[in-house]
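A.B. asks: Mind looking over this structure? Questions follow.
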Number of protein chains: 2
Amino acid sequence: MSKLTDVPKRILIGRALRSDRLGETLLPKRIALPVFASDPLSSVAYAPGEVLLVLSVAGVSAYHFSPWIAVAVVVLMFTVVASYRQNVHAYPSGGGDYEVATTNLGPRAGLTVASALLVDYVLTVAVSIASGIENLGSAVPFVIEHKVLCATAVIVLLTLMNLRGVKESGKLFAIPTYVFVGGVFVMIAWGAFRGLVLGDTMRAPTAAYEIKAEHQGLAGFALVFLLLRAFSSGCAALTGVEAISNGVPAFRKPKSKNAATTLALMGGLAVTMFCGIIALAMTTKVRMAENPATDLIRGGVPIGSGYVQNPVISQVAEAVFGKGSFLFVLLAAATALVLFLAANTAYNGFPLLGSILAQDRYLPRQLHTRGDRLAFSNGIVLLAGAAALLTVIYGADSTRLIQLYIVGVFVSFTLSQTGMVRHWNRHLAVEKDPAKRSRMIRSRAINTFGAFFTGLVLVVVLVTKFTHGAWVALLGMCIFYATMTAIRKHYDRVADEISAPEAPDDDLDDDLVRPSRVHSVVLISKIHRPTLRALAYAKLMRSHGLEALTVNVDPAETKALREEWERRGIDVPLKVLDSPYREVTRPVIEYVKNLRKESPRDAISVIIPEYVVGHWYEHLLHNQSALRLKGRLLFTPGVMVTSVPYQLASSEAAKLRARKRQEWSAPGAVRRGPAAERAKEPSVAKD
Amino acid sequence: MSKLTDVPKRILIGRALRSDRLGETLLPKRIALPVFASDPLSSVAYAPGEVLLVLSVAGVSAYHFSPWIAVAVVVLMFTVVASYRQNVHAYPSGGGDYEVATTNLGPRAGLTVASALLVDYVLTVAVSIASGIENLGSAVPFVIEHKVLCATAVIVLLTLMNLRGVKESGKLFAIPTYVFVGGVFVMIAWGAFRGLVLGDTMRAPTAAYEIKAEHQGLAGFALVFLLLRAFSSGCAALTGVEAISNGVPAFRKPKSKNAATTLALMGGLAVTMFCGIIALAMTTKVRMAENPATDLIRGGVPIGSGYVQNPVISQVAEAVFGKGSFLFVLLAAATALVLFLAANTAYNGFPLLGSILAQDRYLPRQLHTRGDRLAFSNGIVLLAGAAALLTVIYGADSTRLIQLYIVGVFVSFTLSQTGMVRHWNRHLAVEKDPAKRSRMIRSRAINTFGAFFTGLVLVVVLVTKFTHGAWVALLGMCIFYATMTAIRKHYDRVADEISAPEAPDDDLDDDLVRPSRVHSVVLISKIHRPTLRALAYAKLMRSHGLEALTVNVDPAETKALREEWERRGIDVPLKVLDSPYREVTRPVIEYVKNLRKESPRDAISVIIPEYVVGHWYEHLLHNQSALRLKGRLLFTPGVMVTSVPYQLASSEAAKLRARKRQEWSAPGAVRRGPAAERAKEPSVAKD
């Protein structure tokens, strides 16, 4: 049994994909940025609005705290980016948070991170699509009027695309991401130019509204609590930052350095966009409320439930570019598209993490085979189902979904950074070179601060969001954790049960007499090509005894069979079992058991002729009794079951299908880098 | 291949059930009557109402035609009963309409009857439950307010009961059927006594309403058409009459005579009840309309959509016994119960017919094993699903469902009676004994009249009901017919493809070189008890070549395996396949294909160690790669696949479950009679 900390093995996980099949190329930074940053950059589409939304609880006056909250988010962002730059250098193999936590903090921590990440992937899909729909809806009202329907439709569409195995290209990510980033920057620049140089007064569509504070004049602890809650919401901007640390092998050389640079670039862009949008929102007097229907006041009366609160980014764009202008619509479309791409990244990450967990026997072993379509599909469907469920339950409302989102992210941030501290400690214990030592000490300091800060944020998020929905995410994590622990326990128990005794010819099968001969039994229903082939093969096997066996379900047919048997002069004795109740399985099982009882030193080899057909519906029409009998025979000790297939003409169709299925390649390959590269790459962690 | 007309075989179908397991007993007439008559007798609960409903189209004045329609129904009933008494004597084996039609008119006619019967079973469930709910609803308003929900709930309940395999007893049928029959007779007698002797004026709750005729003053062809439509609806009373002819073996001796007597008894009861209810309905002035909301007038205004039109039987009971009286409630409950029992008979008939059709290869072969729980369950679920669908589509409205019902019944009546005419013709051609001849001629005359009359009714039903819903039933029949034909064609094609060439050692496998040696390959992943057992068994097989095969998915593990292999001194060569892309299936398949290419005279025996576990969720965790590999290997010519099972401790649980499942007995046994009896019974048709 392999140990969990068996790093070289985990490094090999990256090796599964055939590069010539995927047409993979190493990513230059300009492509890597959009590929990895669609998730974290897209979160600036909803994070600023969430900050304003929470502050509005204390009335519009509380909005003046928003720059301070932005500063806190920026500091946090820099901390996290700096921390992950250390990860990138230390684990160029693309070891994600799961690997870092498992290697350095042990399997429980690793499993906690894995549970958090799995929940996170689900929420990435739900939140990104909900927010994408809301952004699209600011330009296309139909979409927002059928929010849940449209969001579910997008989930279904992404699911189908991923199940089919779309071929990805970096450009697919590049164009909308750059249009989005470019659009936001043009908006910030044009807004600044209009406001500062032209002196225009830009007004958001909600600028004239008043906010009815739910708690007027908050102060002291209550105010601090509210600000912390607003900060927690703003932290939504950090989701997805860790993605680059998983994707180092996809970068051009020098990989770690390029990845670190891209990480820094992404951090810079995200921070600028986040702050720019907050600043524009303050300038254009965007007004948002948690419950717009009652808390937004227009002309002295609440605005009512018919009102749709557009996202901050779209309100700002309307103020800067003008409602319905080309740039406004373009930005709305690009924002929605980037958010859908962000959701798509979860479709790649979820099954990949699943395969790593399967490798460590926390999930069914067959998921381990990456690129395996069936395993991949199961992961995709599970992810899509969970995301669709949340979308329907929470009415595709990004604000409500975000309450669940941030817990998981910070659980994995915190554990990963803590793991990195241990990592450096371990390396410092053996490293002698002073230059390397000082670099390690610096890295350790950064990761320590990162661990501390993200841990603090985790506590803040838990305290301020628990009742707002974070408990759902925690519950999800617990379910994943418990399930995976149970699976691992099962595998361990079985491994124990089947482990071979040391002495090679010792008491294997000590509960049974060791068989020394084989008695073969060929099951016959009629004489046709499949049974003749099975008989021919059985004869080749030269077992110690050979007989043909048929069950007398229908005396007339049995009689005909016997006659044909003799007429053809088949030189294998034909044994007929009576079955007064027209059963097939039971008489055969009983006969085999009796054979074993009579000569316990014989192993019984039951040989079953089978048709192989090409379509599932044909399968329903054939072999069902054989299948059932096989299933039952496997429970009988001392028996082996041999299928002798006879390929019907229609089986060609299935063969072609199977071949086609093997050519299939799992989506998400671009982010993971070429197979060969991952395998060759030496790893600092390979200790 | 067996012929369709192979009667002895079909007779054996009755032999499947172990009598000591079922505790079966032969049925005395007093128990047989309720067992078989719950279906036909229960139809008097809705048939009279349907007649009045149709007549109301021409206004209340048309009600005076109802006695004439009753007379027509009575004549038809006597005809059908007399005809089936001939069937009972001619086919004491319990051959149903399908057998009679197939044997005498050929497979197409038989398949048409089978399709009609399958549709009929579905409609028996839908109509009986809808009507049962309506009758129950006349006493318990909640039920009628949630009609679709309650009807679906009853379907689900019956389905679950039948899936579990309830043990039936004749008494289960006897009590409610006798209460129902007794109740109706008491009602008729008490009504007659009150009306004729006491001179009471009994008034139905709807007596004061007027009916707005949709077509006032109908005459000529239109009137005849309406009367024929009313007659068609009244024919609903005949559904289920054929049931006894399937159940002859369940009767005490003399079987045929007792069955015929019971049939006559049932006809007499049904006719009396039908006429009695019509008469009471006329006396108490029951008013029913096709569209009560608009066509029933109370105090000059239409009654509106809130009105619930209670069944005739309940309105009459209210008039005779008084609303809410004990007898009224008892009769409503007994009526509902008998109708649910009638629905339950379809749950027995549907899978039984399925097993007969599977025997003739019109349905998947595994359905043939009667009492097989899985096959039985599939039939039950299909039946329940179709019935539930119809219930929801037609809003559990018995009147709308009945439009679909009668076509199928009369298709099988007509074909069965026509078949009987042929049957007698054939027997008359060889029979010499004048006494027997004259009996046969009499029987033929009865069946001829039956065939003619039921055929006429079929035409009438088709003409008058086609647009009202009969097309749905016909469509259903066509779908069943087409599916079954396709299945049969597939089986025939496969039988052709696999039929053995005549010369015993001729050109079997002519497309391939005939193998003369076996090369065995044992698949190894790790060394543990299952693989050691597989190796030990493989060695016993004495094949011409033996090697162990492993796929190098993980170099570290492979190295460990190699070392252990040597350390243990296993005397089988270990071949390692490289798999740079972490696949298992493809390298093995390619290796096996190469072996075949190198030595075409070798058959390859692939031996796979398998774990056997006890729970389905454990199954998800094991053997998945082995299963997939097995599936692929079966498509490779010249390969046989052997599973060497290793029973884990948990497999005991599955063994126990399997044993328990075998003890299970299919419902509907009471009606079919004991197994032994069916087998022994000689048959006139055994020619």
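From the backbone N, Cα and C atoms, a Cβ is placed for every residue, glycine too.
Per TrEMBL, the features are:
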{"type": "TRANSMEM", "residues": "B:65-84", "note": "transmembrane segment"}
{"type": "TRANSMEM", "residues": "B:111-133", "note": "transmembrane segment"}
{"type": "TRANSMEM", "residues": "B:139-160", "note": "transmembrane segment"}
{"type": "TRANSMEM", "residues": "B:172-193", "note": "transmembrane segment"}
{"type": "TRANSMEM", "residues": "B:218-241", "note": "transmembrane segment"}
{"type": "TRANSMEM", "residues": "B:262-282", "note": "transmembrane segment"}
{"type": "TRANSMEM", "residues": "B:326-353", "note": "transmembrane segment"}
{"type": "TRANSMEM", "residues": "B:374-396", "note": "transmembrane segment"}
{"type": "TRANSMEM", "residues": "B:402-424", "note": "transmembrane segment"}
{"type": "TRANSMEM", "residues": "B:445-463", "note": "transmembrane segment"}
{"type": "TRANSMEM", "residues": "B:469-487", "note": "transmembrane segment"}
{"type": "REGION", "residues": "B:660-687", "note": "region 'Disordered'"}
{"type": "COMPBIAS", "residues": "B:674-687", "note": "compositional bias 'Basic and acidic residues'"}
A.B. asks: Same chain, outside the transmembrane segment (B:139-160) by at least 6, Cβ under 8 Å from its Cβ: which residues?
C.D. replies: 125, 129-130, 132-133, 308, 314, 328-329, 332-333, 340, 343-344, 347, 380-381, 384, 387-388, 391-392, 395-397
A.B. asks: Select the range from B:172-193, B:374-396, B:402-424 that forms the most Cβ-Cβ pairs under 8 Å with the transmembrane segment (B:218-241).
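C.D. replies: Of the candidates B:172-193, B:374-396, B:402-424, B:402-424 scores highest.
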A.B. asks: Under an 8 Å Cβ to Cβ limit, what residues of the same chain, 6 or more beyond the ends of the transmembrane segment (B:172-193), are close to it?
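C.D. replies: Distant Cβ neighbours of the transmembrane segment (B:172-193) are 30-31, 33-35, 37-38, 41-42, 44, 202, 269, 272-273, 276-277, 279-280, 283-284, 313, 316-317, 319-321, 327, 330-331, 334-335, 337-338, 341, 670.
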A.B. asks: Please work out whether the transmembrane segment (B:65-84) lies in contact with the transmembrane segment (B:374-396), by counting C-beta pairs under 8 angstroms that are 6 or more apart in sequence and asking whether there are at least 3.
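C.D. replies: Contact between the transmembrane segment (B:65-84) and the transmembrane segment (B:374-396): absent.
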A.B. asks: Check the transmembrane segment (B:111-133) against each of B:262-282, B:326-353, B:374-396, B:402-424 and return whichever range has the most CB pairs under 8 Å.
C.D. replies: B:326-353
A.B. asks: Output the single range from B:262-282, B:326-353, B:374-396, B:402-424 maximising the number of Cβ pairs under 8 Å to the transmembrane segment (B:445-463).
C.D. replies: B:402-424
A.B. asks: Most CB pairs under 8 Å with the transmembrane segment (B:374-396): which of B:262-282, B:326-353, B:402-424?
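C.D. replies: Per the Cβ count, the answer is B:326-353.
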A.B. asks: Would you mind listing the long-range same-chain contacts of the transmembrane segment (B:262-282), meaning Cβ under 8 Å and 6+ residues beyond its ends?
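C.D. replies: Sequence-distant neighbours of the transmembrane segment (B:262-282): 29, 32-33, 36-37, 40-41, 43-44, 47-48, 51-52, 63, 66-67, 70, 73-74, 77-78, 80-81, 84-85, 88, 181, 184-185, 187-188, 191, 204, 234, 237, 241, 244-245, 251, 312-313, 315-316, 319-320.
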